[in-house]
Amino acid sequence: MTSRTPATATGARGSAFAGASGGDPSGIRDEPTRPQDATANGLGSGSVPVTGITVTRHLAAAERHASLTADVRAGLTANPRELPPKWFYDATGSLLFDRITRLPEYYPTRREHAVLAANAARIATACPATTLIELGSGTSEKTRLLLDALRNAGVLRRFVPFDVDEETLLRAGQEILRSYPGTSVHAVVGDFERHLAFLPGSASGDSGSAGGVAADRRLVAFLGGTIGNLRPETRGTFLRALRDQFHDGDALLLGTDLVKDPARLVAAYDDSAGVTAAFNRNVLSVINRELDADFDLRGFAHVAAWDPENSWIEMRLRSVREQEVSVRALGLVTRFGADEQMRTEISAKFTLEGIRAELAAAGLGTSAQWTDPDGDFALTLAVPA
Ligand code: SAH
Ligand code: AVI
């Protein structure tokens, strides 16, 4: 249904998980949406000029607003309170994350880069994909190693970055288009917890040939350890939903951070320059701006703690005093007690066997697994079992 002519709409809608679980585990009622596909040749959104790339929006302004509204209402009225990490990522949040990746304490990006650099050619040989899809793509910086390997193998035809943050997504898509002439770029603005069913080339997405890519073989990269930001049950649902989209020949390349010394882990999430603290508080700025709230960012302290039982780092925001917050778009006024903590992210750390077991439970067989020399970070290549 995707078209290379301007502003055609598709009728695709629904939850990626509907078939797998019978409901949307995010708790968001799935509003019928009309994702818009357009070969953008003007302004895609905000001030990001998009030229020559195809854009599908599952999270246009209205859907984003509805989804944020539902999450914030549920999260602020829960006990204990909790906000999903996906809302860190407006343009500022993505910029802060990018700064985190360059911090001395934050090793995962450098380690994953090393694993990719050492193994990208092997990955391209194992899965000579015509389409590289990247979930939670952000700036797609490390992804260039995969794009280079697939291009060198002479197979690459299309890149599909997929992210909730439209501005960063379109900017990255444009840069990739410039760097890889002859490769088409199809950016998808969406939530990988809800919109997986519409991946280009999947049964409910485009047919694979409509985007000019026939006999499509897809490599889905999910890098950075972002899968660790999902709870274990949500990870299972996510992996099964992805497995359901796979055809023979498709593969998943999964990046995961590995269990290690808790002191290193905590330092990676509580850096001395305070960038992670600013990233954590950014979710409050997003709510202030998009839901007309009045969170005082100075009233919330950054907390990073290792939870050995769950094998994850938790980020929280601690209310430094008793305070009242009003979220006008929700008609909600709520009180935070002094020292009350609100969870904003989990970041799970894995073992190699644990990853293989989670993939197997979702019907995915591990065909290769690599780590950096220090065993800090893993890449796993998995195919339908
Ligand atoms: N893959 C990049 C970026 C990781 S940061 C890297 O390895 O460095 C996590 C990215 O996932 C952000 O760009 C964020 O906007 C995106 N993201 C987070 N939750 C998401 C969701 N539910 N659906 C789609 N994208 C999401
Ligand atoms: C995107 N994700 C894998 C990062 C992580 O490490 O869990 C987000 C992050 N949170 C704090 N620092 C980085």
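Placed from the backbone N, Cα and C atoms, the Cβ positions cover glycine too.
Note: TrEMBL annotation is automatic and uncurated.
Per TrEMBL, L-histidine binding site is recorded for Y106, N229, Y269, E345, I346, S347. Around the Cβ of N229 (L-histidine binding site), the same chain contributes P85, E345, I346, S347, A348, each under 8 angstroms and 6 or more positions distant in sequence.
The annotation S-adenosyl-L-methionine binding site is assigned in TrEMBL to G136, K142, D163, D191, F192. DSSP assigns K142 (S-adenosyl-L-methionine binding site) to coil in the three-state reduction, placing it in neither a helix nor a strand.
Summarising the annotation, TrEMBL assigns compositional bias 'Low complexity' to 7-19.
If you look up TrEMBL, you'll see 1-49 marked as region 'Disordered'.
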Close-lying binding-site residues around ligand 2 among G136, K142, D163, D191, F192, where CB distance stays under 6 Å: none
Y106 (L-histidine binding site) and K142 (S-adenosyl-L-methionine binding site), Cα-Cα, nearest whole angstrom: 15
Neighbourhood of ligand 1 - binding-site residues from G136, D163, D191, F192, I346, S347 with Cβ under 6 Å: G136, D163, D191, F192
From binding-site residues G136, D163, D191, F192, the one whose Cα lies nearest Y106 (L-histidine binding site): G136
Structural state of I346 (L-histidine binding site), classified by DSSP into three states: strand
